[in-house]
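Below: the structure, in structure tokens.
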Amino acid sequence: MEHVTEGAWESLQVPLHPRVLGALRELGFPHMTPVQSATIPLFMKNKDVAAEAVTGSGKTLAFVIPILEILLRREEKLKKNQVGAIVITPTRELAIQIDEVLSHFTKHFPQFSQILWIGGRNPGEDVERFKQHGGNIIVATPGRLEDMFRRKAEGLDLASCVKSLDVLVLDEADRLLDMGFEASINTILEFLPKQRRTGLFSATQTQEVENLVRAGLRNPVRISVKEKGVAASSTQKTPSRLENHYMICKADEKFNQLVHFLRSRQQEKHLVFFSTCACVEYYGKALEALLKKVKILCIHGKMKYKRNKIFMEFRKLQSGILVCTDVMARGIDIPEVNWVLQYDPPSNASAFVHRCGRTARIGHGGSALVFLLPMEEAYINFLAINQKCPLQEMSLQRNTIDLLPKLRAMALADRAVFEKGMKAFVSFVQAYAKHECSLIFRLKDLDFAGLARGFALLRMPRMPELRGKQFPDFVPVDIDTDTIPFKDKIREKQRQKLLEQKRKERSENEGRKKFIKNKAWSKQKAKKERKKKMNAKRKKDEGSDIDDEDMEELLNDTRLLKKFKKGKITEEEFEKGLLTSAKRTVQLTDLGVSDLEEDS
């Protein structure tokens, strides 16, 4: 099912509850989006649906409204601890957002209780909250929901509570599978009743999603909603009101271009994407130091407890910058994001589309910009063909200020900045090596010297990818970087303590090594001969071109060693035999006669 149109909520064949319509008016949504007008009637007629629609198309309301309508039509009212609907979503941020949208509706229906189960919170408190207040509608991430099904100690029997389940929703299904939640979802499905309505929502249809459809849905109606005015054969995967741009610049120009761009738009709201958590940590601190009048927040997947708070804070801001990884790339609806900036291209092409989709949400306008290195220019055509995502070039700004010396000065003044920069560089190189588009993003073509200058490094890090390479275009600082202190006095004190401990250990180890060297000569010699014999055997097995006279010498030495070990000859005789063997080989070599010729 593809050809659907927008329309008024009142035009639905199955009428909505007056209080649902009232909540929609409060939210400022007088009309349905195509995905909503296609999905809601089917869901309400007890059909399983598998919906594919571009990011920012209004998928959340497409399942929130049917959940409420189906629960309102139940013959038997839900008790406090009976679960009528479950929404599973891949990230905490998306779960928080869905819970917030749902609360706009449930406040009009006090008979329904809702509960949010996500990581970063105390699971014991979640259990107590459910026991006290109930949870007719659960919004959860897969890991926490699976954990709740397995909990027995706190007196929670969730398996019994879900026997009344009417609706299951799997939101961002492709991301659920990409993030490795397949096993958790399968476990959860085993606990749920078969007689239920299931909705699967996704921005892309992959083979893995298709497998999940077969496993979790019964005779589903498939919905694929396209952007208006675009031919089916070339369906654009980003919102039609999104302006996509790219900028080609060298690795050591990129940061200056980014700061110039952000300074010229300080009153706007931006998302800045980096490829790794370490890059977010480093460049987030750098931007804080250089854009003092702008509110800057950082968020990434390794933040366990701060993420929820940071996400909510940024949503409330009128202007500011959120520096983030792909943890913010899917489904998140942040009000009035003006620009999505991709400092690093994502590891796969579909993530590019999802990043861009954080702006131009539900009919609003928005813009996106990706920074590319000269060697990555082919990525533009790749996106146009592979993701149906055309991009327009944005000219390089020529009047930018070089801020890299300031970053270097920050690293020299504080070891924390120096270490963050080194970690960020290493993590970026490692992520680059794993890029899905390896024909375009080739590690061997990367300008490591320019990249190091762009990261404002004081010296090149030691890492396998740089081993054996020379960097004449990179000038390291002329100081011992081990002498750079932490600004934080407590951290510096701990560092000095560790350095002293290492010095002592090194000194003790050197003493032990000297003692080991004073072993009996005969034992050392025997060990050396064993090693020699093993190497000779290995070379022979590998088809080595070792000549016959060397092999004969080795065999003679081995025979002597065996006799010496068995006590058949003395140490003096052993040494004499080795010398005789070596002398004989030299003489024969000088004469040009091999051992085999003499023996014959």
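Just so you know, the numbers here start at 1 and follow the chain as drawn.
Cβ coordinates come from backbone N, Cα and C, glycine included.
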Motif 'DEAD box' per Swiss-Prot - which of 3-6, 171-174, 227-230: 171-174
Listed as phosphoserine by Swiss-Prot, one of S240, S544: S544
Phosphoserine per Swiss-Prot (candidates: S233, S395, S594): S594
From 9-37, 96-124, 241-269, the residue range that Swiss-Prot assigns the feature motif 'Q motif': 9-37
For the motif 'DEAD box' (171-174), the number of residues DSSP places in helix, strand and coil: 2 helix, 0 strand, 2 coil
Segment-level pLDDT (mean, integer) for the region 'Important for nuclear localization' (533-562): 65
For the compositional bias 'Basic and acidic residues' (499-513), sequence-distant contacts whose Cβ falls under 8 Å of one of its Cβ atoms, 6 or more beyond its ends: 482
Secondary structure composition of the motif 'Q motif' (9-37) [DSSP: H/G/I, E/B, coil]: 17 helix, 2 strand, 10 coil
